[in-house]
Amino acid sequence: MVDLIARDDSVDTCQASNGYNGHAGLRILAVFIILISSGLGVYFPILSSRYSFIRLPNWCFFIAKFFGSGVIVATAFVHLLQPAAEALGDECLGGTFAEYPWAFGICLMSLFLLFFTEIITHYFVAKTLGHDHGDHGEVTSIDVDAPSSGFVIRNMDSDPVSFNNEAAYSIHNDKTPYTTRNEEIVATPIKEKEPGSNVTNYDLEPGKTESLANELVPTSSHATNLASVPGKDHYSHENDHQDVSQLATRIEEEDKEQYLNQILAVFILEFGIIFHSVFVGLSLSVAGEEFETLFIVLTFHQMFEGLGLGTRVAETNWPESKKYMPWLMGLAFTLTSPIAVAVGIGVRHSWIPGSRRALIANGVFDSISSGILIYTGLVELMAHEFLYSNQFKGPDGLKKMLSAYLIMCCGAALMALLGKWA
């Protein structure tokens, strides 16, 4: 390792001082302004998704979600990978840093290591849940016996079967009712409630039915696109058919598997963003003449990053035992940059961003973070959301998808523009 970072000569030409030029009061103010902007960005989606008095229309959350996705993708390339390349490519480092583009190499290693981690995690999650892909009988009907009103799913070649539309399956030890994703399915009464029966029967209108087993989703507002039946999601084989006797168990297993994979993606996303936020704060605290411009830009930078992270945290269907996690994750992001600014002010005479150690540390961590956010952005936020999600299905699916795409482009463009100054 010493050989890797050693120079060919004994003269250190890296900076020996930082650009700190006073303005201590303004720098202290920056701690609180960055705190507010970070908190506003990350907590607004979380609060609006949980409290009705500030709950926004669905289209507002839709915009925030995909705008934030664009912000994260642009952050990976413009605010992480490029600065990492500049830091590790600085002429004062010399040695192996002058012979190989280490920023891109570390980014690539980080990306592949993250992919390997997700492969192993997904395997053990599926194994733990007893998830296999054997042959199963095709579902033609579902029968749920419950004391509330229901409707009949009628197979044209078989007798109608009663299904209770308030039957609760456990998704994460929470009782969450399931409904159909296809809003065009209409249930109409076919007969009056029979004496002694506690179920009202309904018949789905002809021409508007699909296999209900492939349409069950949780009605919780925080579980959009989280739960789906095997064969219809990003993590399971296409067109799997489930045996009726195993359907409820398989739904629970797939829900848990989807949940655990989504949780992993959210934690990875936060990890990459927090890494970056540390050096953002340190750089701001000792900036010289560019401090005022950098201060303004980083205020919006943190707000937009928080928005991207907050929407992903908010849409995760946390179990009752983990309801505090969104608040903790938001708090971690909110505090990271302000604390880094405060620490930087405290060590302003010893922290030199252009020094050899600082360049290497900053470049390595930015490279790692860029690999994390590039993988998360391209795989989870783009490919998974646009190609494998059920939210763009239906007659207006293409219109919604193109709208989401344009919104994401706007988020990426704005964040890329901020890269001109920070």
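If you go along the chain as it appears here, the first residue is 1 and each next one adds 1.
Any Cβ shown, glycine's included, is placed from N, Cα and C.
The phosphoserine feature in Swiss-Prot is assigned to S148 (among others); the stated evidence is a large-scale study or a structure entry.
Per Swiss-Prot, phosphoserine is recorded for S149 (among others), and the stated evidence type is a large-scale study or a structure entry.
If you look up Swiss-Prot, you'll see S162 (among others) marked as phosphoserine, on the strength of a large-scale study or a structure entry.
What Swiss-Prot records for S170 (among others) is phosphoserine.
As annotated by Swiss-Prot, phosphothreonine applies to T188.
Here Swiss-Prot flags 1-27 (among others) as topological domain 'Extracellular', drawing on sequence analysis.
Feature annotation from Swiss-Prot assigns topological domain 'Cytoplasmic' to 49-60 (among others).
Feature annotation from Swiss-Prot assigns topological domain 'Extracellular' to 82-99 (among others).
As annotated by Swiss-Prot, topological domain 'Cytoplasmic' applies to 121-262 (among others).
The annotation topological domain 'Extracellular' is assigned in Swiss-Prot to 284-290 (among others). Nonlocal intrachain contacts for the topological domain 'Extracellular' (284-290), taken as residues 6+ away from its ends with a CB within less than 8 angstroms of a stretch CB, comprise 18-21, 27, 30, 34, 298, 340-345, 348, 351-353, 421.
Per Swiss-Prot, topological domain 'Cytoplasmic' is recorded for 312-326 (among others). In terms of DSSP secondary structure, the topological domain 'Cytoplasmic' (312-326) contains 9 helix, 0 strand, 6 coil.
Taking Cβ pairs closer than 8 Å, the topological domain 'Extracellular' (348-358) reaches residues 12, 14-18, 20, 90, 92-93, 282-283, 285-286 in its own chain, all 6 or more past its ends. Residues or ranges marked as topological domain 'Extracellular' in Swiss-Prot: 348-358 (among others).
Taken from Swiss-Prot, the feature topological domain 'Cytoplasmic' covers 380-400 (among others). Across the range of the topological domain 'Cytoplasmic' (380-400), the DSSP-based residue counts are 13 helix, 0 strand, 8 coil.
Panel annotation: around the transmembrane segment (28-48), residues 54-56, 60-61, 64-65, 277, 281, 284-285, 295, 298-300, 302-307, 309-311, 313-314, 326-327, 330, 333-338, 341-342, 345 of the same chain, lying at least six beyond its termini, place a Cβ under 8 Å from a Cβ of the stretch. Summarising the annotation, Swiss-Prot assigns transmembrane segment to 28-48 (among others).
According to Swiss-Prot, the feature transmembrane segment maps to 61-81 (among others). Outside the transmembrane segment (61-81), and at least 6 residues removed from its termini, the chain residues within Cβ reach (under 8 Å) are 44-45, 48-49, 103-104, 107, 269, 272-273, 276, 301, 304-305, 307-312, 314-315, 366-367, 369-370, 373-374, 376-378, 381-382, 385, 403-405, 407-416, 418-419, 422.
Residues or ranges marked as transmembrane segment in Swiss-Prot (evidence: sequence analysis): 100-120 (among others).
Between the transmembrane segment (327-347) and the transmembrane segment (263-283) there are 3 or more Cβ pairs closer than 8 Å, counting only residues 6 or more apart in sequence, so the two stretches are in contact. Cβ atoms under 8 Å from those of the transmembrane segment (291-311) belong to residues 21, 23, 26-27, 30, 33-34, 37-46, 61, 64-65, 67-69, 71-72, 75, 79, 269-270, 273, 277, 280, 283-284, 329-330, 333-334, 337, 411, 414-415, 418, 421-422 of the same chain, restricted to positions at least 6 beyond its ends. Secondary structure counts, DSSP: the topological domain 'Extracellular' (82-99) has 11 helix, 0 strand, 7 coil.
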